[in-house]
Structure formats: C-alpha cells, structure tokens
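Heads up, the thing below is written out as structure tokens.
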Amino acid sequence: MAAARRARAGDPRAGFRRAAEEQSPAVPQGLIRAARKSGQLNLAGRGLGEVPQHVWRINLDTPEEAHQNLSFGAADRWWEQTDLTKLILASNQLRCLSEDVRLLPALTVLDVHDNQLTSLPSALGQLENLQKLDVSHNKLKSIPEELLQLSHLKGLLLQHNELSHLPDGFGQLVSLEELDLSNNHLTDIPKSFALLINLVRLNLACNQLKDLPADISAMKSLRQLDCTKNYLESVPSELASMASLEQLYLRKNKLRSLPELPSCKLLKELHAGENQIEILNAENLKHLNSLSVLELRDNKIKSVPDEITLLQKLERLDLANNDISRLPYTLGNLSQLKFLALEGNPLRTIRRDLLQKGTQELLKYLRSRIQDDKASPNEEPPVTAMTLPSESRINMHAITTLKLLDYSEKQVAVIPDDVFSAVRSNPVTSVNFSKNQLTAIPPRIVELKDSVCDVNFGFNKISSVSLELCTLHKLTHLDIRNNVLTSLPEEMEALTRLQVINLSFNRFKVFPSVLYRMLALETILLSNNQVGSIDPLQLKKMEQLGTLDLQNNDLLQVPPELGNCETLRTLLLEGNPFRTPRAAILAKGTAAVLEYLRSRIPT
C-alpha cells in the first residue's frame, strides 16, 4: 500500500479518459471492488482493445462509491484496500500496454498472453516486485532492455512470438526459474545465459538454433531443457556435466549421434526422435541409470546394444521407424518396461503378429528366447509355440511347456469343447483366442480361473463381457481390443489383480466406470473409441496407473485436474476434438502435458 499511497493524487485528465473508456467494453465495478479487497483482478477474455485507465489507477483514485457511502461500515473501508498484486489480461485484443503499468508497483503476476502486442512498455522495468510475466502468444519482435531490471522475476513466458534475438544482458535476470522461448525465430542464445544459475526449466523448442553455447552447462539447477525442432547438428560436450538435468528434449533436429551424458545421473527422460542418428552404443547408455523414457523413433538406428539392459528403470522405449533388423533377447529383462514401440522396422526375428500382441507379450517372448540365443547365436529362431502351425488343431507342446492355450486365427465362431478338455490336467497361465469370429466369451473360460493370468480375445465380434470372465481372479492382463463392446459389467471390479487392459477399437461412448475402482490397473488402452469425457478425480485415486491411452476418441475438453495424476508416465491424447492442450504441447510428451494441465487449474 505504501507505494500506491505515495503515488495517489488527483488526475486532471480523468474526465477525458472516462469518456474514452465508455467506448470500450466496460469492466464491472463489482470486479474492481473485489480486486481492491483481494489484490487480484482477472479481466481475461473480455474483448478489451485497451486497458481502461481506472484499472491502472485502481489503487490511486478514491473509489466513486466512497463519495456515496458515508456509513464507514467494516465491509466498506475502502481506505484499507489491498495493493493489486495479480493482474490477468489474457485472451483480449490488446495491441499495446500503457506505460501506466508503472502505477501498479506491487504487481507480482502479470498475465497478458494471447493478445496482439507488438511491443512491451519500458515501464515494466519499474515493477520491481514482479515474479511472473506471461506475454506468450503475441506478436513481440523484441524485448525492452528495461525488462532486464526485474531482479525478482522467477517466471518469464515468451513463447509464440516473433522474437529473432534477445538482449545481450539477458543473464541479469538471475532469479529466473522458468523461461519459455519456444516458437520464436531465434538463431542464437546470448552467452550471458550462463548467469541464469537458478533456472530450472528452459524451453527453446521451435526456433532456428544451429548450436547451443557451451556456457549453458553453467546452469547447475536446470532440470528440463527442451530444444525440440531446431537445426542442431550436435550438442556441446559440456552438456554432459549438467548433473541436475532430468528431462532432455532433442526431437526434430539434425543430430547424427546421441550425446554422451556421464554426469547426468538424474536424467529420467531423453527424447531424440526424428533426427539422423545411426548408432546407439554402450557409451550412450551406461550412465543413464535413472532413465524411464527413451524416445528414438524416426531415426536411422540399425541395432540395439545389449547394454540397453543397463536401463533397469526404463518404462517407455520408442524405437519405431528405424532400420533395426534384430533385437537383443535380453531386452526382455527390462522388468519395468510398460511400452515398447517397434513398428516400422525391418525386424526379421520377430513376427508381425507378435508385435501386435503388446509390450508384455513381446517381452515374455524375448525372455523365452534368451537361453536358445546363447545355445545357437547364429541360427535363425525356429517357429515357436507363440503361434500355432495352421495344420495343428491344438498345440500340446505350447500347453505343457509354455502354459499357453492358443486357439487364435481359426476364424471360428465357437471354441470347441476339446480345446478346454485339453487343459484339464495341464493348467495354463495364458489364453489366446484372438482373431476368430467369436460373438461371446466362451462360458467354459471359468474352468481356468485358478491358473490363468493372461487372456487375449482381441479381433473378434464380442459385444459384452460375460460374468464368467469376471471370475478369473488371478487375471493380470486382458486384451479385448477390436471388438464391438459398448460397456463393461460392474462385476469386473472382482478382478483385483488386473494390471493391463486393452479396450482399443471398440464402441465405448463413456469411460467404463468400473475401471475407476480397479486400483491395481497400471495400463488402460482405450484408443479409437468414442469416449466423450473422463473423471480426473477418480483417475487420481488409481495410484498404480502409469499408462493411459485415449487417442482418437471424442474428448471435447481435457480437465485441468488430470494434471494432478502424477503417477502417469504415458498419457496419449492425440486425435481428439479438444482445442487445448494444443498439438505442440502434446508433442512434448506426458510430463509437459501434465505440467500444462496443472497450470490451468483455477486457483
């Protein structure tokens, strides 16, 4: 209040300003009164072409109601007003900000994103208490030097502007913790960036950078660095010393090799897809003990080293669209791996139908091949019992050796009784009835309830889940993709051990409510349905949920509270009709999407 009181004085031009303001959308006096009490004013999305003068002078002019109300009630003590500390002017039609912004010296947050600003007032430099400035999604071509005087600024959001250069003294903003410069026209970064030692998140995505300054390694607090979609051919070797780095995004550049990061012991996510990387070697991997996400899709990688098994915390590995012809069978020993993408590779030792069975089936197969690989490393792997020879009716070898009952790709409408009879004295743990013409789940599946833990009914014509299936109390994996399901029975709640369920390519219009109560679920695949909404509060209760695939549904909005589901490591939302988060945010990966959603939660 002190700063505002010192500036409080009569305004001889008030009459002229008031007349001009009558031509602009009015700001309700109720909002102004509330802002004087709370210190916060939200004018987002009001169609403002300019900021009314009485907003800038909110703490200077005597409120009009003070002349009309002489009761001096406790609720009307206008002289006890609070200095404005938070001003939101987002999503209007502002072309400029007045220099009168200096009349709000107590501001800690100023949000002017999504306007049409082409410049910023030099008076911003006088807001010495400012901690967060959001001027993203405007048309800014430069930043005033005075902005560098904001020594307490912690968050500066400049994404989606037209900046081609930054002031050399940018490093003066020593308190910065978050800096977003994505989607501009930057060709270089000032060397003074090295002084930003408190920076935690730096986003340089979608610019025109050809290299990064070696001095960037001085940012010892940096946890997230996003250089997606630039022209980088390499990264400085000094990057390897950034010990705090947790997320590194290098997608859509011109890299020919992965950087070696021996000191990045905390790195959890490395995204380097859509580059020109040809070699993945042990040196790239051996120090990354904390890595949970490795994304290398759309490169030219020819082989995967056995050292991939050093990444024991890896949960997501994306190697799609490379030149890989053979996988090391030891890949099956990555016990935490929940998602493995291999499509678009010329794999000779893995059949396509096996790839379609999902990550867990593939890992299981790779583990089963480890001993054979040691015994005859130069031989092509023989046909295994994972698929049955077409002339074989029931594969007893698969039943007795692999505990697998496989009657897939027979195009039958009913599973013959002798198939179930074959396993009476040989309990199986896996059942594969996929790619048939089944319209219902076989009732005799209940006979397997004491042993089976993995069931595949994918690619049939099943319209409902039977109660018999709900008795399989040991079930951990259930695949019912590509059927005609519209709902799930509440009795499925009894499947208390179920970890993975695949419901993709069905006809669900609502998210099956029973899934919210199946708290052991780690993976829900529900892509290519017609789901219109989700309940983030219920999802947050699912503390084991790590993967949620809702691609190609009918979601009109993504609830911001979904960002609080911090156990999610893979969240796929592409192909829905919602407008936010935008595609550029989705492309950054799950962590960025969740962070964006959290930032949208009303406070």
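Even glycines carry a Cβ here, placed using N, Cα and C.
The region 'Disordered' annotation in Swiss-Prot covers 1-27. The feature repeat 'LRR 2' is assigned by Swiss-Prot to 106-127. Among the features that Swiss-Prot reports, repeat 'LRR 3' is placed at 129-150. The repeat 'LRR 9' annotation in Swiss-Prot covers 266-286. What Swiss-Prot records for 290-311 is repeat 'LRR 10'. Swiss-Prot lists 313-335 with the feature repeat 'LRR 11'. Positions annotated as repeat 'LRR 13' by Swiss-Prot: 401-422. Among the features that Swiss-Prot reports, repeat 'LRR 14' is placed at 427-449. Among the features that Swiss-Prot reports, repeat 'LRR 15' is placed at 451-473. Taken from Swiss-Prot, the feature repeat 'LRR 17' applies to 497-518. Feature annotation from Swiss-Prot assigns repeat 'LRR 18' to 520-541. Positions annotated as repeat 'LRR 19' by Swiss-Prot: 544-565. Under the heading repeat 'LRR 20', Swiss-Prot lists 567-588.
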Averaged pLDDT, computed only over the residues in the repeat 'LRR 10' (290-311): 92
Spatial neighbours of the repeat 'LRR 20' (567-588) far in sequence, C-beta under 8 Å, 6+ residues away: 182-183, 205-206, 226, 228, 249, 251, 292-293, 315-316, 338-339, 527, 542-558, 594, 596-597, 600
Mind checking how the repeat 'LRR 17' (497-518) divides into helix, strand and coil residues in DSSP? 5 helix, 3 strand, 14 coil
Taking DSSP H, G, I as helix and E, B as strand, the repeat 'LRR 18' (520-541) contains 5 helix, 3 strand, 14 coil
Across the repeat 'LRR 19' (544-565), what are the DSSP residue counts per state (helix, strand, coil)? 5 helix, 3 strand, 14 coil
Helix, strand and coil residues within the repeat 'LRR 9' (266-286) as assigned by DSSP: 4 helix, 4 strand, 13 coil
What are the helix, strand and coil residue counts for the repeat 'LRR 2' (106-127) according to DSSP? 5 helix, 3 strand, 14 coil
